[in-house]
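Peer 1: Just passing along the structure, written as structure tokens.
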Amino acid sequence: MGHRARPGHRQAAGPADDDRCRGPADRPLQPAAMSGAAEPAVVATIDLAAIRHNVALLRQRAGGAAVMVVVKADGYGHGAAECARAALQAGAREVGVATIDEALALRRAGIRAPILAWLHASDAQFRAALEADIALGVSSLAQARAVRAIAATLGRPVRVDLKLDTGLARNGAQAEQWAPIMRELAAAEREGGLRVHGLFSHLARADEPLHPLIDEQAARFRQGVALARRLGLAPTANHLANSAAALTRPDLAFDLVRAGIASYGLSPIPQLGDLGLRPALSLGARIALTKRIGAGDGVSYGHAWTAERAGTVALVPMGYADGLPRALSGRFSVRIGGRRYPAVGRICMDQFLVDLGDNPDGIQAGETATLLGPSALDGTLQGWADELGTISYELATLLRGRTARAYAG
Ligand SMILES: *Cc1c(COP(=O)(O)O)cnc(C)c1O
């Protein structure tokens, strides 16, 4: 266990990042903290050993290709800098993020590995990025021209990865634009100071391993690489695969795979069953209060749950403001000690309740209710995602508010 930070807390620039190793002032204010307890009530624990394991597994699957660990959206809610560091220790070669702001935050946190940022607002700070040695994904002629103009004056090498839209119709340059952009970038290379390191593209249906669109996109991508070579570029780090493709289509690894979700131990294709990944995130909250209730007593807003028999309920101080989806009300369990108990009634902004029945183990305030974890009795993000009809990606990025973060492993 090490330092902790609030996922919802926007971190200040520079050395302030190190302040996250500090004590209670940085921690969320909660009843337990006010009573003098050292630990915050709700803690998401990230197992960095699990991240290293997952990255090692991805490297194995990628064969000769390198691994870029994707840590956009604060490392899928797991903490971008900490996860990037763990992944790099396990042999990832590069770090990928969506925005320049995310990339600059990683530089400030001391990450010195190559970082690629690929999603730019129209007023994105290309110069600041290039000065910080951030590689830029380029998706339009306007972006290529802007990078070329800066590269001409920067006095240090600039790395560009050209993003081709091969069928996702999201970010990336459309096919008609490929040749003009490549000519622009080839001219910039000849002027010196800029190098097109690789071409890349993103798959629309990689989570359906047998879907023909995957091969169609791969064919268009290969055409793009061939066109780039004809127009005088010599990209050596081409990349197409996300986690799903990295795990199921080693033939599409090219020079580099971009792995986000699998690095955190969550499956991009849950239907495939166990892929050997280890979820890094656990979530626990300390019980604030237990109380006896009588048969027929309603619990929480709307009395959505009513006790059939007299018994005990435990109050857990985590709610939707902390990232626990309200739609999970009455649809999940927690583990306390060696037993599972159902959460009952509505999830509120700050709290929810657990039915302890006759409370056979004599559970009391202060004990930890584990919502997510590695034991067979624990809930999983995938289980919650199935319950809610969404994907683990969305739930991993929800944790916020008073949820503190801790690192293990
Ligand atoms: C988010 C993202 C990834 C990572 O996808 P996973 O499914 O999490 O592996 C890779 N490439 C691009 C362009 C992305 O936006």
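Glycine too: its Cβ is placed from the backbone N, Cα and C atoms.
What TrEMBL says about a protein is an automatic prediction, not a curated fact.
In case it helps, TrEMBL gives these features for our protein:
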REGION    1-34  region 'Disordered'
ACT_SITE  LYS72  active site, proton acceptor
MOD_RES   LYS72  N6-(pyridoxal phosphate)lysine
BINDING   ARG170, MET349  substrate binding site
DOMAIN    280-408  domain 'Alanine racemase C-terminal'
ACT_SITE  TYR301  active site, proton acceptor
Peer 1: When you measure from the Cβ of TYR301 (active site, proton acceptor), how many other Cβ atoms are you left with inside 10 Å?
Peer 2: 12
Peer 1: For the recorded positions LYS72, ARG170, work out the Cβ neighbour count at 10 Å and name the residue with the minimum.
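Peer 2: Counting other Cβ atoms within 10 Å of each of the recorded positions LYS72, ARG170 gives the minimum at ARG170.
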Peer 1: Check TYR301 (active site, proton acceptor) against DSSP and tell me helix, strand or coil, would you?
Peer 2: helix
Peer 1: From the Cα of TYR301 (active site, proton acceptor) across to the Cα of LYS72 (active site, proton acceptor), what is the distance in angstrom?
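Peer 2: Computed Cα spacing between LYS72 (active site, proton acceptor) and TYR301 (active site, proton acceptor) is 36 Å.
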Peer 1: Quick check for the class: what is the C-alpha distance, in angstrom and rounded, between MET349 (substrate binding site) and TYR301 (active site, proton acceptor)?
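Peer 2: If we compare the Cα positions of MET349 (substrate binding site) and TYR301 (active site, proton acceptor), the gap is 11 Å.
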Peer 1: How many other Cβ atoms are found within 10 Å of the Cβ atom of MET349 (substrate binding site), counting all protein chains shown?
Peer 2: 12
Peer 1: Whole-number Å only: compute the distance from the Cα of ARG170 (substrate binding site) to the Cα of TYR301 (active site, proton acceptor).
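Peer 2: One finds 41 Å between the Cα atoms of these residues.
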